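Feature annotations, reproduced from TrEMBL:
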- 29-125: domain 'Right handed beta helix' (DOMAIN)
- 145-253: domain 'Right handed beta helix' (DOMAIN)
- 334-351: transmembrane segment (TRANSMEM)
Amino acid sequence: GSTLTITAPGVTVQGLSFQRSGLKPIDAAILVRAAAVMISGNRFERFVRGVVVDNGANVMVTNNTFIGALDDMPREHSIGVALLNAPSVRVELNTILAVQIGIAIDNAPRGVVRGNVVSRSETGIVSPLIAGAATILGVTATFFSAALCLPSASDVLIDRNTLTENVTGIKLAGSARVTVQGNLIEGQRGDGLLVHNSAGLIVQDNRFERNARAITVGGSGALTAQRNRFANHETLLALLTGDAAVTLRGNDIVHYRVLLASEPQAPVVVWAGNYWQRGWPADWWLGMQLWRHDRNRDGFADQPLMFDGVIDQYPALRPNIGVQPASMPATNPALWLVALVAGGLLAGVLIRQRKG
């Protein structure tokens, strides 16, 4: 059975160390079945299940450390924190290393997953609870069929987490009204964000850096990605078969190898107001074109332009996020042209003087 099962409301578990606990998929180091419980400042090592919240509202899991395996080889089916039936639960400021799943979300309306670090794991955050051929509380399924077995996340905020060096950062299947914002999703060997059959998904103000694929979308539903920074990806957007409505608006898109990879009958993507950076001198020439087409000087081109086979309806002249990169043209690219010509003339004069 589970090492510690909590059935009384208002309990606090703080400052304990759990080793080799929750070693079966039906057990946990701590199993919470009560409301208003706090799990804080504990350490979990070499487990299969760390903390499982099952039928507990207003629970807080915060400032804990979860190390699934000391050799960085995650145990099969291992999960740091699992939310089975957990309204208004907060999972905050935890460090989770070397597990199959960092945080698994089933039925957790009004839940908040904020400020956690998940690294060197298979998947950082997943909903529903199954990723791969995993089992929890006797239910087995594959990830894309899991929505038929267990309810997925709805009305959940995934905010300011750091997901690094995993296979996948975030997986969502069958989810609704989930907001993914302010996260650092860096160095995933697979997908930064993998979405299937999810509706009302808002992805905003995140930093996607150096992932094999930044975002993969399939099935039905709707995803809006806005004010994100996408930098240094092998593939920026991958589309699987489906009819999802996908919009990328007001993002910074920087240095990618493949912009868009699509399966047959993949969704149509709307691109609008994105800033594009691909390296000098292409960026300088692009800036000249954009400035020429920005007649009202609002920082956006007045007509669509094509980038590697996709059309941005009104591309941005300047980054939407953060400080203007050094390789980007000045607000008025004509000034750069004047400076370039003047510099060339001055160099010519100096050369002639030295020869004289």
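Backbone N, Cα and C atoms are what each Cβ position is placed from, and that goes for glycine too.
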Counts by DSSP class (helix H/G/I, strand E/B, coil) across the domain 'Right handed beta helix' (145-253): 4 helix, 72 strand, 33 coil
PLDDT averaged over the residues of the domain 'Right handed beta helix' (145-253): 92
For the domain 'Right handed beta helix' (29-125), the number of residues DSSP places in helix, strand and coil: 0 helix, 50 strand, 47 coil
